Amino acid sequence: MSTSTIHDIGYRHYEGRRSGRAYVLRSLYVHNLRAAFGLGRPARAKIMPFLVAALMLLPAIGSVAAFAVTDQEDALIRYASYANIMQVIVAIFLATQAPVLASREIRFHVIPLYFSRPVGHLDFVLAKAAALATALFALMAVPVTVLYIGGLVAKAPDSGEQLLRYLGALVGCVLYALVLSAIGMVVAAFTPRRGFGVAAVIAVFMLSTAFVGAVQGIAEANTNFTLQGWIGLGTPFNLVDIVQVRLLGARSSSPGIAPGVAGGVVALAECAVIVVGSVAVLYRRFRKAGLS
Amino acid sequence: MPIIATQGLTMRFPRVTALDDLSVAVEPGVVGLVGANGAGKSTLIKILLGLLPPTSGTASVLGLDIAREGLRIRETVGFMPEYECLPPDVSATEFVVHMARMCGLPPTAARERAADTLRHVGLYEERYRPIGGYSTGMRQRVKLAQALVHDPKLVFLDEPTNGLDPAGRDEMLDLIRRIGAEFGISVLVTSHLLGELERVCDHVVIIDGGKLLRSQAVEAYTTASGVLTVEVEEGRDTLGQHLYDQGVAVHPEGRFLVVDIAGENTYDLIRDGVADLGLRLIRMEQRRHHIEEVFQTEPEPSGGPPATGVVPQEASR
């Protein structure tokens, strides 16, 4: 017969290693990336992100299947267009998950616990923004990769050309992820209630798309294609698509594309402004939340 | 070396002065920081953590300067805020492990320390459940655990007994005493209730309106007074009359008699009086001062002395 006893050995001091800034930053990034998919939280927190991720994959799988059966190259969705075609799904993911990263810890006053530890304000913001961008990138890049690999297996022609287009599309996905997460985080960080946060992010995307779409429609009717192209800078998906078309050699999947390399450079600059501006705004927001 | 030292610390906000030329130094141990709501306690903690630069003045924590070595300070101290600061949808274990990693503890160490610390604060099986379902007492324990998980040298506990029922309050105070005595971690604990700090602290600092009112060891507040409390089973008034007739300054207070000690023979007079009258003496003890009396003897700017030992609330934000 074995008996086991729990010995209360009292309080023990920690003499072990304390890792520095890089480790803390990495832990924070991983923690937030897990949070973006509801990992480490109850099952119901996982439903939305995984459901949306599955929805993102379905068209890619269907497209590969159709291509394999029909052998029609048109059946394979163009890599660079995928995120744009699926923009509603991407926006839903952003709207439901950006508040998890940006406003949940503000709402429950957890922020001061970070800043009373050796966690820097900028590190904190960068870890969160990078985590959401990574989650979005995975959301978009996985189906694109499915398309590419499916195409390879089903022997799509011009494998060299396919690889180039695939890599170009991945760069596009990075850009989409950065711009979308920058916008989503800022909107969510200023709407502490989760429900409002979701609605606010959706509203920003829907309103900008509706407005830009309306102007583009009118411009097209007046055959003012220059305006139709430039106003595309006003909505996130169209904005990144301009960069893809003008600088990455993709085919357009948006109603209007700003003309020439200049259009692409302006669009890229706008993306950079959005990302840097978002980090600056979030820095101030979290710093303030850390003192309340 | 003092764990906390401030010199002329002043913090002015646009409309209020939270700290006004505060100079104080405290030695290791359990230190109480007492003041009304809005007396500047939480502001002082934020300044000491190096999160809020003071308007003027300097301070050091564990010998580290708040302006230049804030990061080093935050590595070696723990902080338990007064407000709710826990996400409801994660378990206590998950949360405390994460907070340990935020202090730089490697994954395995973070998990071990989190389990140990949660056990020390008295959370067992429930630590695997989401925090949202916890009672106030359990949440306070999780808040305390996250402040201790990285084995700090000093913890700031901001109103740890807030919202607890009397039993929970006693358990929390007992934990605070253990942190100081058994864990060997210095504690700065704030409260607006003097009585409870008297029970756990070695040293008490009292601030009011951002100014230092008093800073001294608890014994200094509670030194023996020149008063005896006498309790007899029956015949309190008979004994009182008897003593009064012999020229002893005596007055009744509740079930007791309070007797001024005039000299050694006061004790003899009471003993003889009890014996002569054939009364049963239950106790006779020298009364100690309570910290609360600071507020009854200090000239109060706001008028009358508070009755219950709660610092006057006139300075609320």
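Keep in mind that glycine also has a Cβ here, set from the backbone N, Cα and C atoms.
Annotation source TrEMBL lists transmembrane segment at A:47-69 (among others).
The feature transmembrane segment is assigned by TrEMBL to A:81-103 (among others). Residues of the same chain lying 6 or more positions beyond the ends of the transmembrane segment (A:81-103) and with a Cβ under 8 Å from any Cβ of it are 32, 35-38, 45, 48-49, 52-53, 55-56, 59-60, 128, 131-132, 135-136, 139-140, 143-144, 147, 169, 172-173, 176, 180-181, 184-189, 191-194, 197-199, 201-202, 205-206, 237, 240-241, 250-251, 253-254, 282.
Positions annotated as transmembrane segment by TrEMBL: A:124-149 (among others).
Within the chain carrying the transmembrane segment (A:169-190), a Cβ under 8 angstroms from the stretch's Cβ atoms is held by residues 79-80, 82-83, 90-91, 94-95, 98-99, 101-103, 106, 128-129, 132-137, 140-141, 144, 197, 200-201, 204, 236-237, 239-240, 243-244, 248, 250, 271, 274-275, 277-279, 281-282, 285-286, all 6 or more beyond its ends. Sequence annotations record features per position, and here TrEMBL assigns transmembrane segment to A:169-190 (among others).
The feature transmembrane segment is assigned by TrEMBL to A:197-219 (among others).
Annotation comment: TrEMBL describes A:257-283 (among others) as transmembrane segment. Remote same-chain partners of the transmembrane segment (A:257-283), defined as residues 6 or more beyond its termini with a Cβ less than 8 Å from a stretch Cβ, comprise 102, 121-122, 125-126, 128-129, 175, 178-179, 182-183, 185-186, 189, 226, 229-230, 232-233, 239-243, 245-247.
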Let me spell it out: take the transmembrane segment (A:124-149), skip the flanking residues so only those 6+ beyond its ends count, and list any with a Cβ under 8 Å from a Cβ in it.
25, 28-33, 35-37, 49, 52-53, 56-57, 59-61, 63-64, 76-77, 79, 82-83, 86, 90, 93-94, 97-98, 101-102, 114-115, 162-163, 166, 169-170, 173-174, 176-178, 180-182, 184-185, 278-279, 282-283, 286
